[in-house]
Amino acid sequence: TRSSSMPFLTVSNWQISWTLLLVLGYLFYLLLGAMVFQLLEKQAETHSRDQFQLEKLKFLQNYTCLDRRALEHFVQVLMKAWEKGVNPEGNSTNPSNWDFSNSFFFAGTVVTTIGYGNRSPSTVAGQVFCVFYALFGVPLNLAFLNQLGKGLNAHLITLERWVQKPGRAQVQLAVFLTTGTLLFLVFPPLVFSYVEGWSYGEGFYFTFITLSTIGFGDYVVGTNPNKHYIPLYRSLTAIWIVFGLAWLALVFNVGADLMEKFLQLKWHKPDLSLAGVATTKLEDEPEQPRIHIPI
């Protein structure tokens, strides 16, 4: 009885160790990110805050008819306008934030859960509708992305089964990844740089933050009041986002599978032979493809 329970205890102990290692590694990664972001951004934030206070003092010195209280009130008005999606720049002739093109783009950010945060419904009716629209739209979007990803999955699974053909799978996989990278990560920043006036680095940053659904909202297309955008610009951007989401989700999943396998091979290798577990059958059976869209 004691010897028969040894394999279970050994595997169970390794599973606990692997889980603990993964939790500790995850927390360490978060702490590392926090320290690096603090190191890179805190000083710049302090400089921007001091610069803003200095500009307010200069403004009060130039316009003595205003006092600090009136200026602070005006700043609050500007902040509320920005929170409601109204750009303080320009005038009342600026294009509407809720024309059909912008509304279509907003609907896309809702169902894809990107949520830039630069625009949101301000009426109670609009907020209630947004809740129910997302309630049904998010599952619909996930179903659509899963269906869209089936073609990509089938392509990659076929490549996995062609491993016995030297060189062919590697070339096909390289073409697949290269084509997707060009269509969704390399070429779009060129368009955004030209239309929005961003640098290529800013365009690339917006592209990745959008397709990964992080969606900070610091860069959003079609929001500059000093530029004239074609009506379909943001609608086409929304369509690009949908297809880019499916592709990048698949890439993330492949990366997660590779990382999991690497970590398990490196840290999760119990001596099954000592535990009396036969490994011959597992080695003889080919591994099934594990590619899917993580939703």
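Note: Cβ is positioned from N, Cα and C throughout, glycine not excepted.
Here TrEMBL flags 93-150 (among others) as domain 'Potassium channel'.
What TrEMBL records for 182-260 (among others) is domain 'Potassium channel'.
The N-linked glycosylation site annotation in TrEMBL covers Asn91.
Here TrEMBL flags 16-40 (among others) as transmembrane segment.
Sequence annotations record features per position, and here TrEMBL assigns transmembrane segment to 124-145 (among others).
Annotated transmembrane segment per TrEMBL: 171-191 (among others), in sequence order.
Annotated transmembrane segment per TrEMBL: 203-221 (among others), in sequence order. Beyond the transmembrane segment (203-221), the same-chain residues lying 6 or more positions past its ends with a Cβ under 8 Å from any Cβ of the stretch are 105, 109, 112-119, 184-185, 188-193, 195-196, 233-234, 237, 241, 244-245, 247-248, 252.
Residues or ranges marked as transmembrane segment in TrEMBL: 233-256 (among others).
Helix, strand and coil counts from DSSP across the domain 'Potassium channel' (182-260) read 55 helix, 0 strand, 24 coil.
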